[in-house]
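Features reported for this protein in Swiss-Prot:
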- HIS105, HIS107, LYS195, ASP366: Zn(2+) 1 binding site (BINDING)
- LYS195, HIS231, HIS292: Zn(2+) 2 binding site (BINDING)
- LYS195: N6-carboxylysine (MOD_RES)
Amino acid sequence: MERTLLQWRLLPLLALIVALFSFFFASPRSLQGNNKCSLLPHDHYWISSKRIVTPNGLISGSVEVKGGIIVSVVKEVDWHKSQRSRVKVIDYGEAVLMPGLIDVHVHLDDPGRSEWEGFPSGTKAAAAGGITTLVDMPLNSFPSTVSPETLKLKIEAAKNRIHVDVGFWGGLVPDNALNSSALESLLDAGVLGLKSFMCPSGINDFPMTNITHIKEGLSVLAKYKRPLLVHAEIERDLEIEDGSENDPRSYLTYLKTRPTSWEEGAIRNLLSVTENTRIGGSAEGAHLHIVHLSDASSSLDLIKEAKGKGDSVTVETCPHYLAFSAEEIPEGDTRFKCSPPIRDAANREKLWEALMEGDIDMLSSDHSPTKPELKLMSDGNFLKAWGGISSLQFVLPITWSYGKKYGVTLEQVTSWWSDRPSKLAGLHSKGAVTVGKHADLVVWEPEAEFDVDEDHPIHFKHPSISAYLGRRLSGKVVSTFVRGNLVFGEGKHASDACGSLQLATT
């Protein structure tokens, strides 16, 4: 009888021990809670991985997160003596843990054109792709973000509807470019920098700028130490021969309408004023960032020369320029239309070479969706279809999948997608797995393969217009943390949209 009573007394104790063990060392699959912002029930925990990308290299170890901040990063050999209190441990094993991606070039089309994308679907796609912060472009929404009043509309549209952190670029257009007080009021309202087009944007309330507008914009930005992003193409007269080769369903017909000389001419003009951004120059403190570079020849040579002279200039390219080539684009498949255009395979190789050597600074998605009917997929008319590639959810596996043959490393991916974008956008609390930074983290399995099809949930609004449909990719995102909240894990999103607006304050 006494033995039986002892057994009954021990059972609750054993159950408690088992429960505590399960609580402290649970696998990611078992985490559930009542916090609607997060799939985790608490805000203090450790994340362990055999592959953690830190500023000091790749380590096997653990990251402690508390209150949305990284409070310690320790190597595996030091972890047990560093763990002062018993808190939950999430062990991801061989999966890679690295800073969340920061995508500085996204069109979410909200407010005004949310039928193209919208904050909810776009930021869900970002979370599912390991993007923890994105910066929304000032055009394709309506109205365009060119004043404090239009920025306020965008801020209101984003509230309680974003699943990751979001910042905004403002627009540099002729109406505000020569009015320093107008630009200052837009910058004071919180945009992270400005964006302009040197060719028609295709959006009526976002007209193109000339080099005078850009020079004046840089002089204002110098006071704020924020960047100017420029779509660098200048229209020139074209000589296109008549004939069947100019069939609008042929991608080569479209390619001829936007030759490399357009990019080269725009960049040459830009670099005539960026000397002012050098140390001691009249626009010192300003910075020029060339978006979505497509031409890897003369345009890139000009940029390299300007950098060598001390101009404050950076340049990005996009996954679609690194993944595709003009030769492989099927007739009438307007999903591949964008501007600048995807160029030939030799150009693609040069882009990879420049990226690997550091001449191209970073990557961005330039996620630019629209309604499927504007893609004219049934007609296949490249000359009339809306230009833009939908890729937001897949930029990490695309970069990894197509980069493997070039020897891309995890540290390089982190530099291109986290570290350098954080510096460009002035998001200094983000971009690295280090103490004091936001706990913006992505966990992913580089070796895991998947097909971009109906069996793999796609969260941006119009999957049918993505050029990546049917592609097999390597690199599956397992979990995404935004300021400590597990916003995406094991294929599920947290129920509430608790992303934070990233507005400039100084």
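Using the three backbone atoms N, Cα and C, a Cβ is placed for every residue, glycine included.
Known features from Swiss-Prot, placed on the structure.
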residue: HIS105; record: Zn(2+) 1 binding site; Cβ neighbours (10 Å): 24
residue: HIS107; record: Zn(2+) 1 binding site; Cβ neighbours (10 Å): 24
residue: LYS195; record: Zn(2+) 1 binding site; Cβ neighbours (10 Å): 30
residue: HIS231; record: Zn(2+) 2 binding site; Cβ neighbours (10 Å): 22
residue: HIS292; record: Zn(2+) 2 binding site; Cβ neighbours (10 Å): 25
residue: ASP366; record: Zn(2+) 1 binding site; Cβ neighbours (10 Å): 27
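Here is what falls inside 10 Å of the CA of HIS292 (Zn(2+) 2 binding site) among the binding-site residues HIS107, LYS195, ASP366: ASP366. Straight-line distance linking the Cα atoms of HIS231 (Zn(2+) 2 binding site) and LYS195 (Zn(2+) 1 binding site), rounded to a whole number, equals 8 Å. Other residues of the same chain near the Zn(2+) 1 site, with their Cβ within 8 Å of the Cβ centroid of HIS105, HIS107, LYS195, ASP366, are VAL104, VAL106, MET137, TRP169, LEU229, VAL291, HIS292, SER364, HIS367, SER368. Residues LYS195, HIS231, HIS292 make up the record's Zn(2+) 2 site, and a Cβ search at 8 Å around their centroid adds HIS105, MET137, SER196, PHE197, LEU229, VAL230, ALA232, ILE290, VAL291, ASP366 from the same chain.
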